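Visitor: Here you go, one structure.
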Amino acid sequence: MEIYSRTFAVSLVVSFLLFSSAFAERNDGTFRVGLKKIKLDPKNRLAARAGSKQENLLRAYSLGNSGDADIVGLKNYLDAQYYGEIAIGTPPQKFTVVFDTGSSNLWVPSSKCYFSIACLIHPKYKSSRSTTYEKNGKSAAIHYGTGAIAGFFSNDAVTVGDLVVKNQEFIEATKEPGITFVLAKFDGILGLGFEEISVGKAAPVWYNMLKQGLIKEPVFSFWLNRNAEDEEGGELVFGGVDPNHFKGEHTYVPVTQKGYWQFDMGDVLIGGAPTGFCESGCSAIADSGTSLLAGPTTIITMINHAIGAAGIVSQQCKTVVDQYGQTILDLLLSETQPKKICSQIGLCTFNGNRGVSMGIASVVDKENAKLSDGVGDAACSACEMAVVWIQSQLRQNMTQDRILNYINELCERLPSPMGESAVDCAQLSTMPTVSLTIGGKVFDLAPEEYVLKVGEGAVAQCISGFIALDVAPPRGPLWILGDVFMGKYHTVFDFGKERVGFAEAV
């Protein structure tokens, strides 16, 4: 997806098991994708870090049909990138792509890409070699956090396993600037989001699968195997769900805003205790193109503190707490409206809904995105976080001294600028369960499920699966539930009923 991913700043060294994939179209109208592990050169760990949209690791899937022994190899890179093979044109030209529910376009490098390094080291689509190619020529550009692509639209047959989508509109990328796609293990991206966010309003591949009658039911589902010891890496099913990979019933929530697979989420709990941060509601997105779990800095900092994750010390945060912590506490005790406190003490102005940096007064753009003016904006943000943190502690009847000490500790746990934090692998057993409330049900994540462990023994490194992401109202606060969450919970994307469902994976 466009604005929601980050990358690791810790070097990751890992080996994976060799795998191949087998696929089968079943007689119930579903199209099943099997995934297995692969062993990769640990020297390529940088590619897993940078090969992403929005500075995060991606996961994706490849399709095939084992009925004709059509086996497609899927690479599971650092338990974070899954990508597989599709083909474009007649005869087919093969590419590896990320299958991403957080975007909606298909793009691959073009033979007309002459000056981007990424195009020199990845296969390129050659329209002159395809008998089913149809010229389009409409220009296109997609921006990702650490990279972007630009090019033009073309039309051709797209083969996904044994499914052939005719006259599919896709982007031939002629520009892939920067290092992101140079280091990426995949060649392109195949989006599984809604048409509303498709650049150029191109019908997504998934839409055309349905329109052309290639699958019976307007549903697809993901099972991600997070057990690195298993040979099978996971499964993507087009046209239904595989009952062998979940237990119990799915909890479904309606899509609230078509584009991404977005829905409403309730409160976040740490060790079973409500934080109150989302008790009035937050938005969330189920995104197979993000490996971690992203949320607002305020609550991610609380989580990382609880699990002992070490980020970069924020001096601005500690300064605000030192100077205004007691004042914030007193105002909350006097039942001052929390949203007005930071404006009342002069660090923000109040726009009717929330504090806004003094540096930009109450001027916000059409989506109420917060604009940065450097120090002033950081002080406003630090104040707003302190208000939420102190509220949380007051609910637990902590003493004032303990509250202020706790807030200072949280400042020291603020994530690094890239959002990532490291944890002590030896402390996994002492870390709390972190839970999200979806559709009135609590979905737990245990430490071994939200911590990414890389390597064994003395060289083992552990990364917090929680990263910071701030999106202002009305679109935010926003959570991105990537593979850390989707690995624990089998996920159904029900296009027909416009809903997303989660059940415990097996």
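Here the Cβ of each residue, glycine as well, is placed from N, Cα and C on the backbone.
These figures come from a predicted structure and were not determined experimentally.
Per TrEMBL, disulfide bond is recorded for C113-C119. According to TrEMBL, the domain 'Peptidase A1' annotation covers 82-503. What TrEMBL lists as domain 'Saposin B-type' is 312-352, 376-417. The annotation signal peptide is assigned in TrEMBL to 1-24.
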Visitor: So how many of the residues in the domain 'Saposin B-type' (376-417) end up helix, strand or coil by DSSP?
Guide: 33 helix, 0 strand, 9 coil
Visitor: Using a Cβ-Cβ cut-off under 8 angstroms and a sequence gap of six or more, which residues of the chain neighbour C113 (disulfide bond)?
Guide: C119, K124, G151, E172, A173, T174, K175, E176
Visitor: Tell me, roughly as an integer, the mean pLDDT over the domain 'Saposin B-type' (376-417).
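Guide: Reported value for the domain 'Saposin B-type' (376-417) is a mean pLDDT of 82.
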Visitor: Relative to the Cβ position of C119 (disulfide bond), how many further Cβ atoms are located within 10 Å?
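Guide: 22, counting other Cβ atoms within 10 Å of C119 (disulfide bond).
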